[in-house]
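For reference, the structure discussed in these notes is given below.
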Ligand SMILES: Nc1ncnc2c1ncn2[C@@H]1O[C@H](COP(=O)(O)OP(=O)(O)OP(=O)(O)O)[C@@H](O)[C@H]1O
Ligand SMILES: [Mg+2]
């Protein structure tokens, strides 16, 4: 069977919540499916930190003379990340081609087993990592994460153009951290002037996630309620 579908969680803008969305969506999907996470952010891998796996390492197994990795399992999620394998200070100095090679190897040399969905936590930007992933990993779909900040919207438009050029279908946008909920009145507090993201970026909005301390402190044992409708919307499109 192998990997049925690969979904990249992306945005050109840094810090908009790609890794947080990737971890939460994967967690939600793992309740009904076999799921994998490939942390492709070689310069700043985060998934091993989010899932509290700082002391874990994927087991190395020789297969047909090649070094392969058994991903770290947490519940129904198989995770592999450069964060397990690499000294992050060294990776920070890598040039583009080394970076691209590393992402491809991480994907190819991991024994993922049978997965329904492999989620890729993409680095920020639009450079080498994106070209490698489009050419060598060939995601079936991508989801863009943005907020209503005009800077994020601008970068997300660039991401859309790039994915269109790379011919990777976009499932839509996830609007993250554009508002928070007042703990006293349950009122919605907008962080930015409201923007019609669908109109501005030209993609459907799969859902909006508030800025919430429970999301900053990701808990791999608890599904955050704001991901329920996003999970349903994404599943309907796959
Ligand atoms: N909805 C949210 N509510 C509260 N905190 C959030 C939310 N989404 C993300 N964060 C926090 O915002 C910061 C940036 O999120 P995250 O690392 O997921 O973004 P990113 O797009 O993956 O960043 P990078 O571009 O560096 O990879 C983190 O501290 C994270 O915990
Ligand atoms: Mg990230």
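Count begins at 1; order follows the chain as displayed.
Cβ from N, Cα, C; glycine included.
Residues or ranges marked as ATP binding site in TrEMBL: 12, 13, 14, 15, 16, 17, 18, 19.
Annotation for residue 19 (ATP binding site): same-chain Cβ neighbours under 8 Å, separated by at least 6 residues, are 9, 39, 41, 46, 47, 50, 121. Proximity of the binding-site residues (12, 14, 15, 19) to ligand 2: a Cβ under 6 Å from the molecule is found for 19. Residue 18 (ATP binding site) falls within a helix when secondary structure is assigned with DSSP. Among the binding-site residues 12, 13, 18, the residues whose Cβ sits under 6 Å from any atom of ligand 1 are 18. Those same-chain residues not listed among 12, 13, 14, 15, 16, 17, 18, 19 yet with C-beta within 8 angstroms of the centroid of the ATP site C-beta atoms are 11, 124, 145, 152.
The binding-site residues examined here are 13, 18; by Cβ neighbour count within 10 Å, the least packed of them is 13. Counting every protein chain shown, 23 other Cβ atoms lie within 10 Å of the Cβ of residue 17 (ATP binding site). Cβ neighbour count for residue 15 (ATP binding site) (all protein chains, 10 Å cutoff from its Cβ): 11. Taking all protein chains in view, 24 other C-beta atoms sit within 10 angstroms of the C-beta of residue 16 (ATP binding site). In the shown protein chains, 13 other C-beta atoms lie within 10 A of the C-beta of residue 14 (ATP binding site). When Cβ atoms from all protein chains are considered, those within 10 Å of residue 12 (ATP binding site) total 24, not counting its own.
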